[in-house]
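The next block holds one structure in the form of structure tokens; read it before the comments.
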């Protein structure tokens, strides 16, 4: 008779300490474990490579100095030129591999660099969804990617977590986004996980101050919030010392013993880590060369005439074999293990071998004892998904939580805020001093004309640069959380935009108000409000362009190409060349330049709306009448609200483009 996994776990745990925090958490663990099977997985991708052509240049010599002649026998050096050109070719990463990963086991996908282990992990986790051949089967049915992602977690190699939050705050955010429980139950779940993962004492510590091992445990804890039955980890021990690596693997072992399917990639484990792994899946050059228990690896190699030296790490030995250090055994290994289809070397000590495990938990270690009960069989692997939707929470809940998180992050990043505010304040004081009290003097109308354009230029570049740099830094966190179904992309995008509005508005107001009053512009409340509003909308459009570049390029490329992309908007703003003076085939560039509408709008607020004749401190002022200036610069028919409407439309359109680019970038990686 089949035994439910929850019954088996609770029975095996009945002899453990009832006060163990791990026991408290385990009682609510896995209702339906995941049995993951994959067949004939192949994957190739197009890569750019450098093709080299070497040729000698005849009759080309270089005379060496006497000191160099003493050091060499010949006084002439033959030169060779290397021509490199980029060609595109398909590289096969995985070659028809198969295998199965079972609940209750800690599985390690092992191999040398470039062997294909991370690619296999990405395919199994759903991070790569196209361009591969084969089948991924979950519990005897073809994988439903939507349901599978909802019930699995992928912990990437880099611990991409917001560094300005405390451990408890990060857990609260994850609980709010991933659980539909009542607040008291969410807090109880957080307490249990922090206690189990050894993070209770650091709950009020900022994540940026945690050690590498603590960050890794926190990354696992964040994904344990919704209790996924299957967890993927890419290089969980990367960057950790030996002690911390053991602790990390020990924690993963605990999770596996509770009925979860734990799959991780590991490059070359030490002997102590190697012995803690239940199931090995070794890949080399895209093939599977071994799948089975760690204790069976040495006998498996011995059966092929490859005897591991005494006191030698079997993990090192198999990697050396795959690299050809002992001869060409690759095809023989692949044939013997049937490229992953053979289970002849599976360990007998796992959940699928009619055994049940008892977990004995101490403060920093976990061990297992096999109960020999032949009447216990593997539990049914039919999964009942509790969540029919793609995400645990709705859009407005996600938006509220992310808006609060972004607001807290911005407020705590004091260096960034102070830099933005102080930069606007400092430049405003300098500009105000240079153009001091010129706004109402007709003698300096053209200087004031230049000032209005410079104000837009500065506000545009400052807003543009802020998003150009910050968004790419957020992408790794977004990629991890969005892939693990914490929230929808539009929830993140809108929360990110709205959280920055107050800071951008504050910076814009500080600059415009200081410059406005120091330059002695016309003192009318309506004009002042319209001027600040127009400048603020221009900064929003500039931010949208920054989002487009930040979403599509890296930080390095964005810094290089960003100014080149935004520069044409300044050329076709109407400041350097008027629309009427430009060639007709260039007019469309003026019509899509947001700076043109921003500049016309600010000119309208200062010199429009029937402004009376200005004071002239000189003998004659040609532009004493503001209307004459508007006619001279080609802005006689300007409508402020038309300019505002066009800017808002451009802002929405550019923001939509940025959102689409961000979604495409995530899908390409996923």
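Even glycines carry a Cβ here, placed using N, Cα and C.
Automatic prediction, not curation, is the source of TrEMBL annotations.
Annotation source TrEMBL lists compositional bias 'Low complexity' at 10-20.
Note on the domain 'ABC transporter' (77-310): mean pLDDT across this stretch is 85. Annotation comment: TrEMBL describes 77-310 as domain 'ABC transporter'.
Here TrEMBL flags 1-22 as region 'Disordered'.
According to TrEMBL, the feature transmembrane segment maps to 415-436 (among others).
Annotation comment: TrEMBL describes 456-477 (among others) as transmembrane segment. Same-chain residues lying 6+ beyond the ends of the transmembrane segment (456-477) with a Cβ under 8 Å from its Cβ atoms: 156, 158, 160-162, 416, 420, 423-424, 427, 431, 496, 500, 504, 507-508, 511-512, 535, 538-540, 542-543, 545-547, 549-551, 553-555, 558-559, 562-563, 566, 569-570, 573, 595, 598-599, 602, 665.
For the transmembrane segment (498-517), the list of distant contacts is 403, 406-407, 409-410, 417, 420-421, 424-425, 427-429, 431-432, 435, 439, 451, 455, 458-459, 462-463, 466-467, 528, 531-532, 535-536, 539-540, 543: same-chain residues at least six beyond its ends, Cβ to Cβ under 8 Å. The annotation transmembrane segment is assigned in TrEMBL to 498-517 (among others).
Residues or ranges marked as transmembrane segment by TrEMBL: 529-553 (among others).
According to TrEMBL, the transmembrane segment annotation covers 560-579 (among others). Only residues 6 or more beyond the boundaries of the transmembrane segment (560-579), in the same chain, are considered here, and those with a CB under 8 A from a CB of the stretch are 453, 456-457, 460-461, 464-465, 468, 542, 545-546, 549, 553, 586-587, 589-590, 593-596, 598-600, 633-635.
Using a Cβ-Cβ cut-off under 8 Å and counting only residues 6 or more beyond its ends in the same chain, the transmembrane segment (638-662) has close neighbours at 489-490, 493, 497, 530, 533-534, 537-538, 540-541, 544-545, 547-548, 551-552, 592, 594, 597-598, 600-601, 603-605, 608, 630. Residues annotated as transmembrane segment in TrEMBL: 638-662 (among others).
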**Message:** So if I exclude everything within five residues of the ends of the transmembrane segment (529-553), which remaining residues of that chain have a CB under 8 angstroms from its CBs? That is, six or more out.
**Reply:** 455-456, 459-472, 475, 497, 500, 504-505, 508-509, 512-513, 516, 521, 561-562, 565-566, 594-595, 598, 601-602, 605-606, 640, 643-644, 647-648, 650-651, 654-655, 657-658, 661-662, 665
**Item:** Within-chain partners of the transmembrane segment (415-436) [C-beta distance under 8 Å, separation at least 6 from its ends]
**Value:** 447-448, 451, 454-455, 458, 462, 466, 470, 503, 506-508, 510-511, 514-515, 517-520
